[in-house]
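Below is one structure, written out as structure tokens, with a few remarks after it.
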Amino acid sequence: MLNDFVDNTCNVVISACYNCGRGGHIAKDCKEPRKEREQCCYNCGKPGHLARDCDHADEQKCYSCGEFGHIQKDCTKVKCYRCGETGHVAINCSKTSEVNCYRCGESGHLARECTIEATA
């Protein structure tokens, strides 16, 4: 249980399971049969589709820049955390030589891409 790993200085709030509505676990660990739920769009709030497929372009709000009219995957103002430039994300960054790995200390890749095993 999550509370077993928390000391007395922390306040932990365990929300209800999205599948059964009971506390003490999350949906992926729920023992009840999965309930089918209708998809709901986070942009327009209407059922039957996801935000990335929303036809209400004027209602779409980007989570990166906060502007309406597009979603995050189509944002031209998205900022790369590798090079700091806008217009692309780190996975698509061509400036791999500018990054350093926190695991091995070498340049050209990030720790999650490192082939050196982590030392405990």
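Sequential numbering from 1, following the chain as shown.
Here the Cβ of each residue, glycine as well, is placed from N, Cα and C on the backbone.
Predicted, not measured: the structure shown is a model, and the values here were computed from it.
Positions annotated as domain 'CCHC-type' by TrEMBL: 17-32 (among others).
Sequence-distant contacts of the domain 'CCHC-type' (41-54) (same chain, six or more residues past either end, CB-CB distance under 8 Å): 60-61, 71, 73. Annotation source TrEMBL lists domain 'CCHC-type' at 41-54 (among others).
Marked as domain 'CCHC-type' by TrEMBL: 61-77 (among others). Remote same-chain residues near the domain 'CCHC-type' (61-77) are listed as 43, 51-52, 54, 86-87 (criterion: CB distance under 8 Å, separation of at least six residues from the stretch ends).
Sequence-distant contacts of the domain 'CCHC-type' (79-95), counting only residues of its own chain at least 6 positions beyond either end whose CB sits under 8 Å from a CB of the stretch, comprise 64, 110. The domain 'CCHC-type' annotation in TrEMBL covers 79-95 (among others).
Annotation comment: TrEMBL describes 101-114 (among others) as domain 'CCHC-type'. The domain 'CCHC-type' (101-114): residue composition by secondary structure is 3 helix, 1 strand, 10 coil, according to DSSP.
Residue counts for the domain 'CCHC-type' (41-54) under DSSP (helix as H, G, I; strand as E, B; rest coil) come to 3 helix, 1 strand, 10 coil.
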